[in-house]
Amino acid sequence: MIRTMLQGKLHRVKVTQADLHYEGSCAIDQDFLEAAGILEYEAIDIYNVDNGQRFSTYAIAAERGSRIISVNGAAARCACVGDKLIICSYVQMSDAAARLHHPKVAYFEGENQLQRKAKAVPVQVA
């Protein structure tokens, strides 16, 4: 059996740019990509916390240290500057590997300041 698992997650990053006429993708600060283990050109799913939009694209690297999150091309219709996003990548693996797997999660606040990194999503309490 093959399972699809969360590989990396950027939690609550803020959109800094939206460029409808760029050829596509989502530009992400290289430091952020590394924090979540996301590779340039890797497929990503984006969840807009502010408007509920969910869409797929691919990651490209933005300048290291820039704190840029730029939603480009047609996806720019799904997010505005200032919107909070959750950006995820996924990996497929065997059932046995999935049971040992831990994602790389990076949490952000304010103007895209990395607050902490984790290897799991916290258990939701009642």
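Here the Cβ of each residue, glycine as well, is placed from N, Cα and C on the backbone.
Sequence annotations record features per position, and here Swiss-Prot assigns pyruvic acid (Ser) to Ser25 based on sequence analysis. Swiss-Prot lists Ser25 with the feature active site, schiff-base intermediate with substrate, giving sequence analysis as the kind of evidence. Annotation source Swiss-Prot lists substrate binding site at Thr57, Gly73, Ala74, Ala75, citing sequence analysis. What Swiss-Prot lists as active site, proton donor is Tyr58, and the listing cites sequence analysis.
In the three-state DSSP scheme, Ala75 (substrate binding site) falls into the helix class. Secondary structure from DSSP puts Ser25 (pyruvic acid (Ser)) in coil. All protein chains shown were included, and the count of other CB atoms within 10 Å of the CB of Tyr58 (active site, proton donor) stands at 15. In this structure, Thr57 (substrate binding site) is part of a beta strand by DSSP.
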